[in-house]
Amino acid sequence: MAIDQVHGARKVGRYVLLSAMAVIVLFPIYMMVVGSLKPGNKVLVHPLLPTDFTTSTLREAWNSGHLGRALWNSALVSTVITIAQVATSILAAYAFAFLRFPGRSIVFVAFLATLLVPLEATLTVNRRTMQDLSWINSYKALTVPFLATAFGIFMIRQVFLQIPREMHEAASMDGLGHLGFLWQVAVPLSRPTIGALALFSFLSSWNQYLWPNLVTTNAKYNTVQTGLKALKSASLDKPNLVIAGTVIVALPIFIVLVAFQRQLIRGLTAGAVKG
């Protein structure tokens, strides 16, 4: 009886803790949504209460910040980067997991070492390279530097290492080449991790701010983050427009996260069994 009471108390305590954490996480989102639906003169008046709702703020933010164009640019850039990162990660991970070549371990460690270099340390050099190539204010500047990722290579390689080498040898004896084994065996067995990498790449690309801010000065190439910055600069006396713009920009990514959260978690934990 006493043991049941202890377990019951612990269960209640866990639910209370989780509920408190949920409130902490969701409260800013609630404030953002409520603020985006209020007129400018009502944002700071009873900010917690959902009163005087209007969608005109959302429409004004959409038009003033040219968010339609920014959303299209971010979707295009994120899609290109995601496809490229997944493709290059799969091919490189296969080479590191199944192919034997001199210096394989050294090359792999060199790839991993790039993860230790912060983005800020390479910004100046990369920006100068974009300028020398005349790629400033272009989609190439927004995408090419991110077409491959050491993190993706490492992530998929860990999953490929779980595939028995005997399976690879048997496939080779049956006449199945490297590409055949990759697409018919390795990729299907690694779909959760590949899906998680695709989602992670898309989210990371969508949320980029510093790099697009450095290589684009033309509003034609604004992504959602630089578009929000432009909206903020043009609406210093209208905080509700910035809040509304943030809601518009966050909505697509929120939908993606809700739709694919299970696949993301399953993929990130798939390679944790074997180092």
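For all residues, glycine too, the Cβ spot is worked out from N, Cα and C.
The transmembrane segment feature in TrEMBL is assigned to 12-33 (among others).
Annotated domain 'ABC transmembrane type-1' per TrEMBL: 71-260, in sequence order.
Note on the transmembrane segment (75-99): residues 107-108, 111, 139, 142-143, 146-149, 152-157, 159-161, 163, 165, 168, 178, 181-182, 186-187, 194, 197-198, 201-202, 205-206, 223, 252 of its chain, located 6 or more positions outside it, place their CB under 8 angstroms from a CB of the stretch. Annotation source TrEMBL lists transmembrane segment at 75-99 (among others).
Residues annotated as transmembrane segment in TrEMBL: 106-126 (among others).
The annotation transmembrane segment is assigned in TrEMBL to 138-160 (among others).
As annotated by TrEMBL, transmembrane segment applies to 181-203 (among others).
Cβ atoms under 8 Å from those of the transmembrane segment (241-260) belong to residues 32-33, 35-37, 40, 43, 57-58, 60-62, 64-65, 67, 70-71, 75, 195, 199, 202-203, 206-207, 224-225, 227-228, 231-232, 235 of the same chain, restricted to positions at least 6 beyond its ends. The transmembrane segment annotation in TrEMBL covers 241-260 (among others).
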Chain residues in Cβ proximity to the transmembrane segment (106-126) (below 8 Å; excluding those fewer than six residues from its ends, i.e. six or more beyond): 92, 96, 145, 150-151, 153-154, 157, 210-211, 214
Distant-in-sequence neighbours of the transmembrane segment (138-160), which means Cβ under 8 A and at least six residues beyond its ends: 73, 76-77, 80-81, 84-86, 88-90, 92-94, 96-98, 108, 111-112, 114-115, 126, 130, 186, 189-190, 193-194, 196-197, 201, 205, 211-212, 215-216, 221, 223, 270-271, 274-275
